[in-house]
Amino acid sequence: MNLLINGRKTSPIKRQLTLLLYNFLLVIFLLVDLTKWVAALVKQATFFLVRKPLKGNEKRDWFWGQKYGLVGKSLTLDKNTQNKRVMIHCASVGEVVAAIPLIKKLLASNDVDNSSDTELSFVVTTNTKTGKEQLFRLLDKALKVKVSHTYLPVDLPWLMSSLLKQVQPDLVIIMEVELWPNLINQCYKYKNKQGHKIQLPVCIVNARLTDKTRRGYQKLTSLSEPMIQQLHQVYARNQTDFDNYLAMGINPDKLSLLGNIKFDIEPADMSAAQELRDALNLTKRKVIIVGSSHEGEESLLVEAYQQFKSQYPDLILIICPRHPERFIPVFEYLTSQQLSVVKMSESESAETTTDVLLGDQMGQLSKLYGVCDIAFVGGSFAERGGHNPIEAAAFAKPIIMGPHVYNNPEICNTLANGGGLVIANTHFEFITQINLWLSDSELTSNTGKKALATLQNNAGIINTLSTELLRTLNAKNSNAKE
């Protein structure tokens with residue numbers, strides 16, 4: 001039978017051929033990438049043979065093995081079959097940050113509404129090591145008992161089937177953007193231990209689908225349209241995403257315009273931020289931070305610094321590159337500009353002569369936003385779509401970004417309309433705005449307060465979302481583990 005969507009017919013044969021080609025290309029990728037896995041295994045074997053201790057996450061982080069479906073002992077699963085398990089996929093750091101408040105809210109709501117003493121546990125999958133590190137950095141002691149982690153395997157049917165058999169989820173949540181055809185298809189065809197077919201509900205939370213991505217999917221309708229139809233529910237973050245999912249042919253009953261849950265960030269610890277500022281010896285300094293910077297954005301901030309340093313001798317920069325592989329190149333660039341640079345991995349505070357603190361450790365940024373006076377959120381001049389300004393807003397900091405904010409348009413527009421964020425379209429506008437804030441501390445403070453107020457006024461979406469997800473969890477798959 002042909003699949004009819006938006007007036008177009010997609011034949012079953014074409015769908016199968018497209019999926020076969022997709023799987024074939026993934027196998028080629030797997031074989032090419034296998035050399036990295038073999039190298040990792042050789043490295044592990046060498047360490048065991050010479051009994052040399054591994055460093056950091058090398059000790060138990062079988063990244064390549066898990067990417068190819070060898071979950072093994074990475075999961076600590078609840079053995080009580082009466083309890084329910086939720087699998088949440090987060091591509092990387094940003095999605096993990098958004099998922100933590102959702103996990104906490106689901107646990108709290110389940111405890112309040114639960115009449116059968118059914119407990120929840122979670123398996124979080126990520127694509128990156130930085131995503132995993134951020135997850136365990138954000139989990140408190142109580143949550144670590146409820147949450148396990150594994151890397152999401154390559155999207156091949158047998159690997160996704162193996163993952164689902166090991167995790168045995170009752171609900172699958174995908175944060176924001178990643179739609180994997182075989183993962184969704186295997187959830188649709190999922191069978192429990194007794195061999196009964198049970199369609200695992202797959203919900204897309206904070207769903208993001210840009211015009212560009214939608215056009216790409218529409219060029220591969222034989223692959224994308226069946227995948228879209230197999231989704232249980234999509235919670236779009238804004239009208240554009242909502243309209244693009246409609247254009248993809250999703251059943252309107254499966255689509256909700258809910259809003260952006262990233263506004264529901266946990267309250268910032270202002271006292272801890274002040275303590276950190278004191279510890280870094282920044283109490284009497286004017287601090288500008290660039291968070292998640294990309295190539296070219298450090299030079300923009302350095303240009304502003306060199307222009308204003310004589311006027312504001314207590315000025316200091318904090319630079320946090322987005323990717324660890326840029327820590328060394330950024331350090332070399334800064335020193336080439338005759339700047340006094342302190343690596344935060346090597347020193348606990350700035351000297352009076354320090355020009356730049358370099359955040360060269362992952363996981364620092366969310367706290368460092370709390371010590372600044374002005375926050376520049378990166379990826380917005382480098383045409384990377386701009387990173388999330390929410391963490392800076394939570395600390396009541398005035399925020400400036402470049403013109404490229406397509407990753408978080410509704411967040412940036414909402415903060416800008418609320419008076420807490422300024423979009424600088426040119427380098428001149430950027431430097432002019434920085435000078436305005438440096439020269440007027442009251443204006444700077446008021447702009448930051450507006451950022452926080454806007455954030456607070458738009459929070460609360462997570463309450464509705466958790467209610468919807470728990471309803472799905474309790475209504476679907478009641479026999480999934482029978």
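Cβ atoms here come from the backbone N, Cα and C positions, even for glycine.
A TrEMBL annotation is a machine prediction, not a hand-curated record.
Straight from TrEMBL, the features:
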type: TRANSMEM; residues: 20-42; note: transmembrane segment
type: DOMAIN; residues: 64-265; note: domain '3-deoxy-D-manno-octulosonic-acid transferase N-terminal'
type: ACT_SITE; residues: E95; note: active site, proton acceptor
type: SITE; residues: E176; note: site 'Transition state stabilizer'
type: SITE; residues: K262; note: site 'Transition state stabilizer'
type: DOMAIN; residues: 284-451; note: domain 'Glycosyl transferase family 1'
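When each of the recorded positions E95, E176 is scored by how many other Cβ atoms sit within 10 Å of its Cβ, E176 comes out lowest. The Cβ neighbour count for K262 (site 'Transition state stabilizer'), using a 10 Å radius and every protein chain shown, is 26. A mean pLDDT of 95 is what the model gives for the domain 'Glycosyl transferase family 1' (284-451). In this structure, the CA atom of K262 (site 'Transition state stabilizer') is 9 Å away from the CA atom of E95 (active site, proton acceptor). Between the CA atoms of E95 (active site, proton acceptor) and E176 (site 'Transition state stabilizer') there is a gap of 7 Å, rounded to the nearest whole number. The secondary structure of E95 (active site, proton acceptor), as reduced to three states from DSSP, is helical. E176 (site 'Transition state stabilizer') carries neither a helix nor a strand DSSP state and counts as coil. In the three-state DSSP scheme, K262 (site 'Transition state stabilizer') falls into the helix class.
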